[in-house]
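Peer 1: This is the structure I want to talk about, given as structure tokens.
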Amino acid sequence: MADTNAPDGARAKGAPVRNVLIVGGGTAGWLAAAYLARTLSIGQPGGARITLVESADIGILGVGEGTFPNIQRTLRRIGIDESVFMRESEATFKQGIRFDHWQHAPGSGERDHYFHPFQSAISRQDLDLVPYWLLGAAGDGVPLDTALTMQKRVADAALAPKRSGDADYAAPLNYAYHFDAVKFARLLRVVATDLGVRHVVDTVDAVPLDETGAVAGVVTRESGTLTADLYIDCTGFRAQLIGQALKSPYQSCRKWLFCDRAVALQVPYDQPDAPIPSYTVSTAHEAGWTWDIGLETRRGIGHVYSSDHTDDARAEQVLRDYIGPAAGDKTARTFRFEAGYRPEPWVRNCVAIGLSSGFFEPLESTGIVLIEVASVLLTSLFPWAGDMATAARQFNRIMRQRYERALDFLKLHYCLTRRTDTAFWRDNADAATVPDTLHDLLDRWRHRPPEGLDFDLNLDTFSEASWQFVLYGMGYNTDLSAQAGAFRHMDEARQQFAAIRASTEQALAALPRHRDLITQIYRHGLRPRTPLGGAPSGRASLSSGMAGLAR
């Protein structure tokens, strides 16, 4: 691919970059605006000046409403109080994802679900417990999601990952959130404008380029032409700057990830005091899967599917059948997308963040995760001195690798299926639809489990623990028989698995009901207890006996 960020691009080296124009709002635009405003010294001498222009006629997509635990760090960095965030965004806690019927079709008689928790065990003697689990030290038939962490049982019991006395963004168990995407974007808008971001409500009608092929400005309907040193495209699937104007190619991933459409409904709970699940339920169906997310007053449910394997009418019927009578005559929203990404999301003086950069199905909350990654990366590489070409090359390389590794992780959920009941699942298990990079990883893991050396967390969103929970949740067989004698700490491993079971019982007795904690936070906020000798710590433990295993 030709490098579109040659040094003779939009700006000469050394021309300082101070003015930033974000085109498009929503989660991507306002999260980027708030993060950059907090980190780029907006309003200070020598700091950046940030403007966001969005149309009043374009709504927020807001399909997924789910996040990954790194959102805690992002919100804390922006400076948002956790209780305020949760109340204003109607947020609830998310402790992981439960996958139903991904390995076996309904009615097969096999265990039909597994859990991807956000909590992984840290052993007291730095003993990697996964090989010992593979060798049976946790007991016959005990799944990894139950053996390695207490989180599945806590989530199954409809309990929260923290207590009202825990500090902001601190808890015995790791967590993310479910939230109302529209309300979250509104909160970010308030935060960003309070930090000094200028907000322009107008429609961008044209994006002219200058003689070098860079963005010369954006022509708005009411405010004239807006110009900046650096433009950020947050216009969603329209990709008005990066795609329509700058023609940065979009690389489709349909040959690996088949799903290209979604249909969604919002329904109330059957009872106003019904338990709120603290996890996303992802249920596999004949030609796709449904997400089921619980907020305080409603469930957000959607069916993601492949138009090559079903039609829209059948897909909506699958969704309504899953929901049951609560679906009633409610009108469903439909979405179309092309799984893929732009290998060059930064072209000359324009950076794409969010859907304009790329999109995979919302299976593991990669959408918001990659918005966060791009915002952090742009802050780190911000071309203060004007050398955009150098910054763009590194930004593009890192984002491309992030998308490639996320693609592998998502395909892992599909390719190990034992379902043969429909063409969708048979096609997903076909080796020809699995990327070579994922084939290589699976080959490595035939005789050893995933470990840190397989991943680079500067480039990978998901750690080895996430890969392990999905890999073994889907029934992958890692054969350690040839090296079983090398694992000499079976007694210690059994003791640690027993300690996890004991700590689980403590957690079940100590943690509050999820709905009760949400009600408390909405009404009164969190009320952190200050430990003796100092301020609240960044990690709360239920007891000293639990602390080593609940991190």
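Backbone N, Cα and C atoms are what each Cβ position is placed from, and that goes for glycine too.
When I checked TrEMBL for this same protein, it listed these features:
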BINDING   GLY25, GLY26, THR27, ALA28, VAL204, LEU355, ILE368  FAD binding site
ACT_SITE  LYS94  active site
BINDING   LYS94  7-chloro-L-tryptophan binding site
BINDING   GLU364  L-tryptophan binding site
REGION    528-551  region 'Disordered'
Peer 1: Cα of ILE368 (FAD binding site) to Cα of the residue listed as 'active site': how many Å, rounded?
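Peer 2: The Cα atom of ILE368 (FAD binding site) is 14 Å away from the Cα atom of the residue listed as 'active site'.
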Peer 1: Give the distance between the Cα atoms of GLU364 (L-tryptophan binding site) and the residue listed as 'active site', rounded to the nearest whole Å.
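Peer 2: Rounded to a whole number, the Cα-Cα distance is 12 Å.
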Peer 1: Could you check what DSSP calls GLU364 (L-tryptophan binding site) once collapsed to helix, strand or coil?
Peer 2: coil
Peer 1: Among the binding-site residues ALA28, VAL204, LEU355, ILE368, which residue has the largest number of other Cβ atoms within 10 Å of its own Cβ?
Peer 2: ALA28
Peer 1: Starting from the Cβ of THR27 (FAD binding site), draw a 10 Å sphere and report how many other Cβ atoms land inside it.
Peer 2: 24
Peer 1: Got a sec? Which of these recorded positions, LYS94, GLU364, has the most Cβ atoms within 10 Å?
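Peer 2: That would be LYS94, with the highest Cβ count within 10 Å.
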Peer 1: By the DSSP assignment reduced to helix, strand and coil, which category contains GLY25 (FAD binding site)?
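Peer 2: Assignment for GLY25 (FAD binding site) reads coil.
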Peer 1: Could you state the CA-to-CA distance between GLY26 (FAD binding site) and LYS94 (active site) to the nearest Å?
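Peer 2: About 22 Å separates the two Cα atoms.
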Peer 1: Express the distance between the Cα positions of ALA28 (FAD binding site) and LYS94 (active site) as a whole number of Å.
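Peer 2: Roughly 21 Å, rounded to the nearest whole number.
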Peer 1: Can you give me the Cα-Cα distance between the residue listed as 'active site' and VAL204 (FAD binding site) in Å, rounded to a whole number?
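Peer 2: Their Cα atoms are separated by 37 Å.
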